Amino acid sequence: MPTLSKELPPYTGPYRVGAIDIEAPCDGRLVHAATYLHDGEAAFQLDTVLFTVYYPADADAPSTKPRHRWLLEPARLRGEGFARFVNISNWVVDRIFAFFLWALVGSIRIPADVDVPLRDPDASGSVSDARSRFGSSRLDVSSASTEHLLGTHLERANDSGGSTIRYPVVVFSHGMAASRTDYTQLCGELASRGYIVAAIEHRDGSGPGSVVRRGGGRQGTVLPTDIHTHGHGHGHIHRHKRVRSMRNVLHFSSHHLQHSPPLDKEALQRAQLAFRQAEMEETVRVLRMLNAGGGHSVFRHNSRGEGTHLAGWRGRLDIERMVLAGHSYGATGALRACAPPEDPTPPSDSASQSASASASTPASTSQSTPSIPTIPAVPPRPIRPLPIAGCIALDPGKASGPLNADIPVPLLIIHSHSWSRKISLFMGRPHFDVVRDLALACLRRTGAAWFMTSLGTSHPSCTDAPIIQPLILGWATGATIEAREGVLQYVRRIQEFIDYVIVGERWGLLAKGVTHEAYREEVLVPWKKFYGPRDWKKDWQIHVAPEDEAERRSRSASGRGTGVGKAVSVGGGIGERGDDFELGEMRPVSTIEGSSGYGDVEVDLGHRRSI
């Protein structure tokens, strides 16, 4: 047991949770030309992708491997990375940081069994067991015990006639100064409820530190950089190259890099987000291999030595309806990765000038556009198409550059209490207003977007940190919600959203309409006193949502038509609460930046229009 911290609690869902670290070789693509100042090596070359996959595990299979440590090793590397974040890195300080990290959390283990078989979703009794344990009511959105009729998303997703039930898949991107192990409660809770979550370890310089293991950890080993699956999962390997077997990636800023012209803060962010997109694409590639029967090949080339049962994952993933999620910097990256992909064909020399000019113009969804430069003026778009069916953004970044507003899929944005309460200027406007406009733009385009605030929470509430150090984090962040309940609040909303993406049914909080057009501090105390302890209004404010289901049914019965929503007030005062508008066409753009109203987004509100 840790002496200075709390142990991570077991997960609360009905399914046992498994965890596998996968580090897979990539094609070695150079995402950006910047190099490290100290050794001249490429800073943004993608040699491998590392992620932990959390999944519902076989209830009876024995686990022969120790559970993963929460503190990624080596602790010295993490200590040096955090020292760099506060600009006091040196030999002595790095080791002091490492010592305190180990003393605080060095003995904590993640409560997931390592490298056990995936649970068979067709196993008899799986759905009935979930019903008996979690109840059948979908009406009480505040109760952890009746929050979801577990197993329904597996049953309903299979109604189309397929013979195999597949697990929904979430790809998760961590925030700045974080790593994949900072969100083990969020990811594991989802896995315990029947979802597969791939938590990526980003090596873009935004985390404290990570070890890249290439070629199985032997110096000069030949690295397979391109694996293609044929037949029953036998891998064919092409384009080998000799590389250093291991290297450390620490947190870095622009002064650790060399590039012509020198990178400023904004250019570095664009390079990092482009690298994160590439890592997301590679993660999806590996997951597709697993689903196609390439699990044995993934296991053979996994430098982490885990995945002995991955061959049994064939056909078990709902791979074409993935949900992309992220927190803070990761939320910004997830939003950007949802943009329609660019044409990967490089432009000819004669077209290079037009390609450069096109970087400042939103890409059309109906035709291909030339490739964009390495550091474009607008958020980078995916080079390879991703099978994204929904996007979840938890506290999208306040200092991570423009937010992509070209979201063609259902969207869930959750602000922590502290994120909504603190007024921050973002691209010349209040950050809350920019995010609300983004959500409303997506609502107009897709008919399915939600933006809400989780009351009593703080920015780290969706991470493990408040659970491990509740007193310190509660005092430092001002969070008033119990730490574990804070995570579960996020889990419930994410469940409801993924269910909607897969099944098409709104329930829980997602069936409610707008309660607050803007965040309102003054309603917290009266509501907490007036409403009962299980009423959802004490925990949530909903700022953007489709029309309340009850109101929609009433409107439809009265003959006023379907597809009508409630407009919320936005930056310039347009669309007061209660104005009717039809869910029609709009002109999407790549970013929502600082301006009144919608900036460059044109939205038809019937008799009102803002450009």
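Each residue, glycine too, has its Cβ placed from N, Cα and C.
Around S328 (active site, nucleophile), a 10 Å sphere centred on its CB holds 28 further CB atoms from the protein chains shown. Look at TrEMBL and you will find S328 tagged as active site, nucleophile.
Marked as active site, charge relay system by TrEMBL: D395 (among others). In the three-state DSSP reading, D395 (active site, charge relay system) counts as coil.
The Cβ neighbour count for H459 (active site, charge relay system), using a 10 Å radius and every protein chain shown, is 21. The active site, charge relay system feature in TrEMBL is assigned to H459 (among others).
Residues or ranges marked as compositional bias 'Low complexity' in TrEMBL: 348-375.
Under the heading compositional bias 'Gly residues', TrEMBL lists 560-575.
The region 'Disordered' annotation in TrEMBL covers 335-381 (among others).
The feature region 'Disordered' is assigned by TrEMBL to 547-579 (among others).
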- Distance between H459 (active site, charge relay system) and D395 (active site, charge relay system) at the Cα atoms, whole Å? 7
- Tell me whether S328 (active site, nucleophile) sits in a helix, a strand or coil according to DSSP. coil
- Note on the structure: As a whole number of Å, the Cα atom of D395 (active site, charge relay system) is distant from the Cα atom of S328 (active site, nucleophile) by 5
